[in-house]
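Encoded as structure tokens, the structure appears first; notes follow it.
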């Protein structure tokens, strides 16, 4: 039985702050930072937006794009590291808002930046086994970076929802296979009740991102007997522009292959939405028959690799919901003071 | 707002679910259990509104109620839905960008919250279409 993406939807808040505006406050060199990170600006949520509202907007776009009957969705899983409640699921809010309730299951996922792709894999299992007709996997975040911390330059807001099904006639992309690579690494964490995450310095690069992304990517290509030249496009988790560019080169993918999905310079790191946003942006411009390789990374740490084959259906549904390029267009820029207010960084009492 | 009161209206706030009287073809939001025109002859059914609308009138709030102080100045408007009923909503845009007759569309946003420990209330607001 085949399994694949039946529909997808993305959401990005309208507000942006430029790296130079953050650098000015903390006395950093904006040019060096922008060039080093390959990030020029990042998205900022409105004051009444959070992970739940972003997840709902992405989910509604996914339902609309392929005109899905929400009652067919038997599972809603929302992956995030910024769920609005410590205890109370984001996924029940989403399921109620898309009218998928009540004959369905729901849960929230958490695995740093790859909780959304972990949810895709869970949905793949549920639809493959016949337990549900369709499953919805969401990656959404309003990610946090402590004032003055390196993460503040990239921690952004956005989300993507994918509806996973098993009827090939409905799919926009068949998931040919998936492979995960997971170990216990202290590269990034946030303790209960803490406002901002911590990162484990030297564990972030080689032992974290590069080991797990290349481990998952090489594992999948070895399992499938494919090589980078078999793919038209590739997407790698994009915490900044530098990491996905470097890991693509290490694995043998070209700059042209990763170009359509590399949205981080204009968006920042949307954490659980990051790799899925790259997949959505790549699907937005994909042609039937294209093969797309994608690997998400989550600190802690793990990599989830996927191989997609785009179907003829993509041309029918592409324009039925906002594209990532459309969501990136016409941003409203804000200064650091307004950004601090939006992100609740100003102590009021 | 109490947790129970919000929960009772949750489905209407999330998805603009109101009612329709099949007898006189009138639409109601918030939903009515009895049609005020047809009374006992009315036949009420649930109706999900399509969403888009037009601003009938608006005001700009500068002195906001508790919980909304940091959003001021913000726009509060009356939106006429395409099916007819009027819906009072925050209009998410700059005060200088709003005007009577402006086409608007619904979005899912936080409506408020019961302090740091209470529930977060979600529902429909409007943005320029």
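Note that Cβ sites are derived from N, Cα and C of the backbone, with glycine treated the same way.
TrEMBL names A:29, A:30, A:113, A:154, A:204, A:237, A:246, A:299 for binding (3S)-3-hydroxy-3-methylglutaryl-CoA. Of A:40, A:218, A:269, the residue it gives for the same site is A:269. Sequence-distant contacts of residue A:81 (active site, proton donor/acceptor), defined by Cβ-Cβ distance under 8 angstroms and a gap of at least six in the same chain, are A:110, A:112, A:113, A:115, A:141, A:143, A:190, A:197, A:271, A:272. A Cα-Cα distance of 11 Å separates residue A:299 ((3S)-3-hydroxy-3-methylglutaryl-CoA binding site) from residue A:237 (active site, proton donor/acceptor).
The DSSP breakdown of the domain 'Beta-ketoacyl-[acyl-carrier-protein] synthase III C-terminal' (A:221-303) into helical (H, G, I), extended (E, B) and coil residues amounts to 43 helix, 15 strand, 25 coil. In sequence order, A:36, A:37, A:38 are the residues near residue A:242 (CoA binding site), counting only same-chain partners six or more apart with C-beta under 8 A. In the structure shown, across all protein chains, A:299 is the one of the binding-site residues A:204, A:299 with the greatest number of other Cβ atoms within 10 Å.
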